[in-house]
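Asks: What TrEMBL shows for this protein is this:
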type	residues	note
TRANSMEM	24-47	transmembrane segment
DOMAIN	40-291	domain 'G-protein coupled receptors family 1 profile'
TRANSMEM	59-85	transmembrane segment
TRANSMEM	91-119	transmembrane segment
TRANSMEM	131-156	transmembrane segment
TRANSMEM	195-220	transmembrane segment
TRANSMEM	241-261	transmembrane segment
TRANSMEM	273-293	transmembrane segment
Amino acid sequence: SNSSDLSSSSFILASIPGLEAAHFWMAIPLCSMYIVAVAGNCAVLFIVKTEPSLHAPMYFFLCMLAAIDLALSTSTVPRVLSFYWFNTKEISFGACLLQMFLIHTLSAIESTVLLAMAVDRYVAICHPLRHAAILTNALTVKIGLAAMARGVLFFLPLPLLLLPLPFCNSRVLSHSFCLHQDVMNLACANTTPNVVYGLTAILLVMGLDALLICISYALILRAVLQLASWKERLRAFSTCVAHIGVVLAFYVPLIGLSVVHRFGRGLAPLVRVAMGNVYILVPAVLNPIIYGVRTKQIQRRILSLIHI
């Protein structure tokens, strides 16, 4: 039978036709980026924990981002490196579903945290005298827990909807890891419920978060433009630069990957594989760098650690 038994099925991770011999060398920059991501995010967690002046909601949210990026990159990159270096191209059905769930859930949690950071910037600029009273440490913890619950509740149905589907013919994925749409496209059955729910979840989480972030910055911009001098305007808006950077680092690869999936069937495999790796690693690499450059306390702490 062409249909696979789900209890024993597996998928084949995507290689790049004609470049299989170069996989070893292609994995070196990928591994280097992963090391930078792990070191950078661990440094952020350590510095915020040990620096009392950073014990504020904005930096607690930054710690959440660092933890999410560590979990997201660690759930994918070691498996990709194993594929590139040791040619372990098969991934079991269960492992694929778990990896897929982690990728989508952690991305949803990161999106929610980015929205919370945008609200933090809005309150800090538009209601500075009430900022400490509104965004307390206790509320920050509750927001983090709510972000986790939201991600799990919205994206747990994705692997569950794939469980009853039969898979036949090709089992080759489009990426070096498992994504919902990629796995779904390999099913030889009606996937309309998967398509509808997947799109709904994306719109209600990432789409809604992106819209609310834009609204927050529209309100911030209006408040900033009401300040008396350009110097005050620049000083106020400069506190948002780091957050805008991490928002772009998250949403640009996300949108790029979505476009590749929906409209890039004719693209070269190299483009699809590269876009997937960018989505997984670029935010994890850039986020600690962006905040390290923009936050003087983090800069000083890193320099002191280097001198030690």
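Every residue, even glycine, has its Cβ placed from backbone N, Cα and C.
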Asks: Against which stretches of its own chain does the transmembrane segment (273-293) lie, if we need a Cβ under 8 Å and a gap of at least six residues from its ends?
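Replies: Those are 14, 16, 30, 33-34, 36-37, 40-41, 43-44, 62, 65-66, 69-70, 72-73, 76-77, 80, 103, 110, 174-177, 179, 242, 245-246, 249-250, 253-254, 256-257, 260, 299, 302, in sequence order.
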Asks: Let me check one thing: do the transmembrane segment (131-156) and the transmembrane segment (59-85) come into contact, meaning three or more Cβ pairs under 8 Å with sequence separation of at least 6?
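Replies: In contact, yes.
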Asks: What stretch in 24-47, 91-119, 241-261 has the biggest tally of Cβ pairs under 8 Å against the transmembrane segment (195-220)?
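Replies: Out of the listed stretches, 91-119 contacts the transmembrane segment (195-220) most.
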Asks: Given the model, what does the mean pLDDT over the domain 'G-protein coupled receptors family 1 profile' (40-291) come out as?
Replies: 91
